[in-house]
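**Q** Sharing a structure below in structure tokens format, with a few things to ask.
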Amino acid sequence: MAKDVEMAVRNGDGGGGYYATHPHGGAGGEDVDDDGKQRRTGNVWTASAHIITAVIGSGVLSLAWATAQLGWVVGPVTLMLFALITYYTSGLLADCYRTGDPVSGKRNYTYMDAVAAYLGGWQVWSCGVFQYVNLVGTAIGYTITASISAAAVHKANCYHKNGHDADCGVYDTTYMIVFGVVQIFFSMLPNFSDLSWLSILAAVMSFSYSTIAVGLSLARTISGATGKTTLTGVEVGVDVTSAQKIWLAFQALGDIAFAYSYSMILIEIQDTVKSPPAENKTMKKATLLGVSTTTAFYMLCGCLGYAAFGNAAPGNMLTGFGFYEPYWLIDFANVCIVVHLVGAYQVFCQPIFAAVETFAARRWPGSEFITRERPVVAGRSFSVNMFRLTWRTAFVVVSTVLAIVMPFFNDILGFLGAVGFWPLTVYYPVEMYIRQRRIQRYTSRWVALQTLSLLCFLVSLASAVASIEGVSESLKHYVPFKTKS
């Protein structure tokens, strides 16, 4: 598949991205852009909504735990450092949306298209592996996380009714199946342009549950019922052993680093943006808005959560029952998490759908099963493609089954994130930017960029090792189909 993308770019057809299998969009081909694709209508606000939906996941609720592992000094500093790194490298990647000139060059419709145009060869294949393995892993992880939040609604009501010591555990399988069924329906939306409203709704939901978590943490801090906090986080000999301190610190460092990661879908988001103004300028504004907004929430959730719970901060403030009351507010927050993850699942899966459908359309261009669009209602824009219906349904079913079979997949997802953070967020954007701007080796700018890449590689490596240790611990206690929230 990567070879097809590379050949397409070099032959001048641009690969196709989201629009290759839907060349007439939803308007009968009348509203098209200068490259013959469906007209792009996105702007700063829709792009920001996509970014916020992708970045602010329910992982924001684990930042209190991450801060507890690192302490008052390293925790907030790490949050700020990775915000700056993400913003900077996202700007480099946005300039690579067009080959050559960032304003007038030929478009690259996907991340892999950009890598093929600038780097080519084996790097296209490696990019594909890193990108799509991470995207598939994210889909499975979101299925698990959404089911845990849905189960938390049941548990909150149970604790309110029967007391905090009651056995309110519930199996996650049913909730995963329901989430999968919902995703089958939303997966029928052809491309990113049709997801703008869902991303905006999901972004509102992420703000809602993050604000609730911040408010509850602030209320607990003001009330004085707080845990012990320190400058260096959890204490050796009191909370953890020396070895545990090291592993947990690396895991926390990885959690914070990967909480910002959305580079794997940045080019796809940028391909929805209209021009003029130039897409890279719009995307940089959207990135600034998205990253600064998420950083503000991350700092509030991490720092206020740590202040409220101290070194005993739960892994998730809303599903780990750091709070029990008001139960109705906990219910609402967890419903917001589920709704947000419905949208986030689609934002991360659309590049997978597009890659497979683009490959199939190029491989079997004469097949009506693959290329024909069948209008659902005459005169309406929505249509059904049989290949899209079959393959996307199969993907959702498989990802749901994997989530059910491996409910500890969040540990594995941490490993996938660790492996993917450095190449997708730092390495490829830096290398493509160096190639685009023809930066000479061993100049001060080249050295600075390569130093940044090396440091991020070391963080990814350390976090990957820590995640492997976490997976091995989960496997010791794993019983198939018997996992409760």
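Indices start at 1 and increase along the chain as displayed.
Cβ coordinates are placed from backbone N, Cα and C, and glycine is handled just like the others.
Caution: TrEMBL annotation is automatic and unverified by curators.
Per TrEMBL, the features are:
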DOMAIN    41-471  domain 'Amino acid transporter transmembrane'
TRANSMEM  44-66  transmembrane segment
TRANSMEM  72-94  transmembrane segment
TRANSMEM  115-133  transmembrane segment
TRANSMEM  139-157  transmembrane segment
TRANSMEM  169-189  transmembrane segment
TRANSMEM  195-219  transmembrane segment
TRANSMEM  286-307  transmembrane segment
TRANSMEM  327-348  transmembrane segment
TRANSMEM  389-409  transmembrane segment
TRANSMEM  415-434  transmembrane segment
TRANSMEM  446-468  transmembrane segment
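Are these features on the surface or tucked inside, and what are their neighbours?
**A** Same-chain residues lying 6+ beyond the ends of the transmembrane segment (44-66) with a Cβ under 8 Å from its Cβ atoms: 75, 79, 142, 145, 149, 192, 195-196, 199-200, 202-203, 206-207, 209-210, 213, 217, 252-253, 255-256, 258-262, 265, 269-270, 272-273, 282-283, 285-287, 289-291, 293-294, 297-298, 301-302, 304-306, 308-309, 313-319, 322, 337, 340-341, 343-344, 347-348.
If one looks beyond the transmembrane segment (72-94) by at least 6 residues along the same chain, the residues whose Cβ comes under 8 Å of a Cβ in the stretch are 63, 66, 102, 114, 229-233, 252-253, 256-257, 259-263, 266-267, 270, 279-280, 283-284, 287-288, 291-292, 294-295, 298-299, 302-303, 306, 425-426, 428-430, 432-433, 452, 456.
Long-range contacts of the transmembrane segment (169-189) within its own chain (CB-CB distance under 8 A, at least 6 residues past either end) are made by residues 143-144, 146-148, 150-151, 154-155, 195, 198, 338, 341-342, 345-346, 349, 353, 384, 388-389, 392-393, 395-397, 399-400, 403-404, 407, 481-485.
Through the fold, the transmembrane segment (286-307) approaches residues 44-45, 47-48, 51-52, 55-56, 60-61, 63-68, 72, 75-76, 79-80, 83, 86-87, 90-91, 94, 207, 210, 213-214, 217-218, 221, 226, 229, 256, 259-260, 266, 269, 273, 313, 317, 322 of its own chain, all at least 6 residues removed from its boundaries and within a Cβ separation under 8 Å.
Below 8 angstroms of C-beta separation, residues 85, 247-248, 250-251, 253-254, 257-258, 411-412, 414-415, 417-419, 421-422, 425-427, 430, 433-434, 439-440 of the same chain, each at least six residues beyond the ends of the transmembrane segment (446-468), sit close to that stretch.
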**Q** Let me check one thing: do the transmembrane segment (115-133) and the transmembrane segment (195-219) come into contact, meaning three or more Cβ pairs under 8 Å with sequence separation of at least 6?
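**A** With fewer than 3 qualifying Cβ pairs, these stretches do not touch.
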**Q** Same-chain Cβ contacts of the transmembrane segment (415-434) under 8 Å, 6 or more residues past its ends?
**A** 85-86, 89-90, 92-93, 95-96, 111, 114-115, 118-119, 123, 126-127, 130-131, 133-134, 137, 254, 257-258, 260-261, 263-264, 446, 449-450, 452-453, 456-457, 459-461, 463-464, 466-468, 471
**Q** Would you kindly check 139-157, 195-219, 327-348 and say which stretch has the most C-beta pairs under 8 angstroms to the transmembrane segment (389-409)?
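**A** Selected stretch: 139-157, with the most Cβ pairs under 8 Å.
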**Q** Quick test of the contact rule: Cβ under 8 Å, at least six residues beyond the ends. What residues does that give for the transmembrane segment (139-157)?
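**A** Here the qualifying positions are 57-58, 168-170, 172-173, 175-176, 178-180, 183, 316, 318-319, 321, 324, 327, 330-331, 334-335, 337-338, 341-342, 344-345, 348-349, 352, 395, 399-400, 402-403, 406-407, 409-410, 413, 485.
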